[in-house]
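As written in TrEMBL, here are the features:
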DISULFID  CYS156-CYS183  disulfide bond
DISULFID  CYS216-CYS243  disulfide bond
DISULFID  CYS289-CYS316  disulfide bond
DOMAIN    34-123  domain 'Ig-like'
DOMAIN    127-185  domain 'Sushi'
DOMAIN    186-245  domain 'Sushi'
DOMAIN    246-318  domain 'Sushi'
DOMAIN    319-379  domain 'Sushi'
Amino acid sequence: MKSQRSGFNLSPLVFMIVRGETEDVPPTIVFGLPAGSAAVEPSGALAVFPGSILHLECLFARKLGNPEWTWTSTFRQYLTGWAIAARERDWKYRLSIYYAKVQDSGIYTCSTPRGLSNSIRVHVVDVQCPVLNLPEPPLIGKIEGARMGHGATFECPVGFKLEGAAGITCQYNGKWSAEMPRCETIECPPINAIGDTRLQLLEYNNTFGGRAVFACMWGHQLLGSQNVECQGDGSWSGGMPSCVEIICPTPSIPKSGRIMESQTSRHNSPRKQHQTRVYKVGALVRFACLPGHQLLGEASIICTENGTWSHPPPVCKVRCPYPGDPPHGRIAPLKFWYKPGDNIQVTCSPGYVTPLEPVRKPTCRENGIWSAPPPPCRSYKDV
Ligand SMILES: *[C@@H]1O[C@H](CO)[C@@H](O)[C@H](O)[C@H]1NC(C)=O
Ligand SMILES: *[C@@H]1O[C@H](CO)[C@@H](O)[C@H](O)[C@H]1NC(C)=O
């Protein structure tokens with residue numbers, strides 16, 4: 001089984017669809033419309049607009065003989081015969097109605113030499129649909145006309161989607177097959193109910209070509225893309241990002257030093273046995289060194305928004321502290337801290353001297369303790 005149609009697009013045709021390839025079935029009738037317009041009525045009749053040129057084709061194998069066209073109209077005679085074109089001439093036996101008139105209405109029958117026949121009802125009628133208004137922008141339309149069988153096609157520019165039928169036709173009953181469609185702006189699903197309250201929208205436009213730009217609350221980092229674009233298919237170009245709290249790694253404790261205090265927050269409840277300290281952005285850690293040590297570097301570091309510490313942890317170096325000037329004397333060199341191996345000597349005020357024997361300068365030892373206190377200055381009178 002195979003259906004044959006020619007002409008233009010219409011709603012499904014109701015003709016006999018069995019193709020007359022053998023002598024045992026009635027022949028198929030199809031139509032062609034080189035000029036004018038037509039529509040199919042629900043009864044199967046072909047409604048033809050006056051003035052159209054109509055070819056009725058009776059499909060039959062020429063080698064089996066000639067079919068015959070007969071008609072009920074008494075208005076005029078019609079040309080019948082095999083189609084001319086090479087690809088049609090052996091199987092299309094044609095009846096042509098030129099510039100159809102109301103009086104051409106009637107039943108047209110094709111009969112095979114063996115007496116099998118098929119008919120088509122032709123109804124020449126002046127039916128017009130209401131004239132369509134010109135489509136209002138942004139709707140773009142191509143309107144053929146408002147006669148029965150005429151059509152109109154519609155589309156929307158980029159950024160819009162067509163709501164309704166892309167094509168409508170003027171039907172046999174003078175009604176358009178559908179209403180004019182509309183163009184609707186393409187919009188992506190709204191992003192308002194973000195579950196994550198730490199996520200903020202810096203920019204938001206959910207029409208086609210627009211974008212949404214995200215940021216996270218202070219102290220949080222964005223996971224995922226910072227912005228998404230509304231695409232032509234009404235979907236966002238990517239998934240929604242999320243925010244994670246920025247945390248600095250636990251700082252290392254310097255050798256011979258300790259962490260004095262830290263403003264940290266605790267992830268776990270205070271009652272849990274193993275508390276892990278969590279260093280959020282802004283957390284401050286202060287270091288101190290054991291006695292006999294000098295702190296080199298920064299004594300305080302802070303957790304930055306990059307998740308890194310503002311400075312590396314300090315180091316604690318073995319040092320001897322300034323031992324203090326003896327009465328009536330000064331030590332040299334004068335420093336806050338002395339390295340192991342450093343010596344000091346004492347210079348006494350006028351009228352004072354240090355003991356001559358034994359001559360031993362205090363030395364800073366490897367443990368950060370002076371080998372001896374600074375020697376005292378004594379009055380001449382006492383020496
Ligand atoms: C949203 O984005 C579209 C495409 O870029 C633009 O044409 C439109 O003006 C924007 N709307 C607003 C309210 O900014
Ligand atoms: C974070 O890192 C960027 C580049 O790595 C740097 O330019 C910026 O100063 C850093 N910010 C802080 C607060 O450390």
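Note that Cβ sites are derived from N, Cα and C of the backbone, with glycine treated the same way.
Overlay of TrEMBL annotations on the structure.
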| residue | record | DSSP (3 states) |
| --- | --- | --- |
| CYS156 | disulfide bond | coil |
| CYS183 | disulfide bond | strand |
| CYS216 | disulfide bond | strand |
| CYS243 | disulfide bond | strand |
| CYS289 | disulfide bond | strand |
| CYS316 | disulfide bond | strand |
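Mean pLDDT for the domain 'Sushi' (186-245) in the predicted structure: 90. Between the CA atoms of CYS156 (disulfide bond) and CYS216 (disulfide bond) there is a gap of 38 Å. Its Cβ placed at the centre, CYS316 (disulfide bond) has 22 other Cβ atoms within 10 Å. Between CYS316 (disulfide bond) and CYS216 (disulfide bond), the C-alpha separation comes to 38 Å. Spatially close to CYS216 (disulfide bond) yet at least six residues away along the chain are ARG198, LEU199, GLN200, LEU222, CYS243, judged by Cβ distances under 8 angstroms.
Counted with DSSP, the domain 'Ig-like' (34-123) comes out as 6 helix, 42 strand, 42 coil.
Within the same chain, residues at least 6 positions away in sequence whose Cβ sits under 8 Å from that of CYS289 (disulfide bond) are PRO254, SER256, GLY257, LEU295, PRO314, CYS316. Just so you know, the Cβ of CYS183 (disulfide bond) picks up 21 other Cβ atoms within 10 Å once every protein chain is counted.
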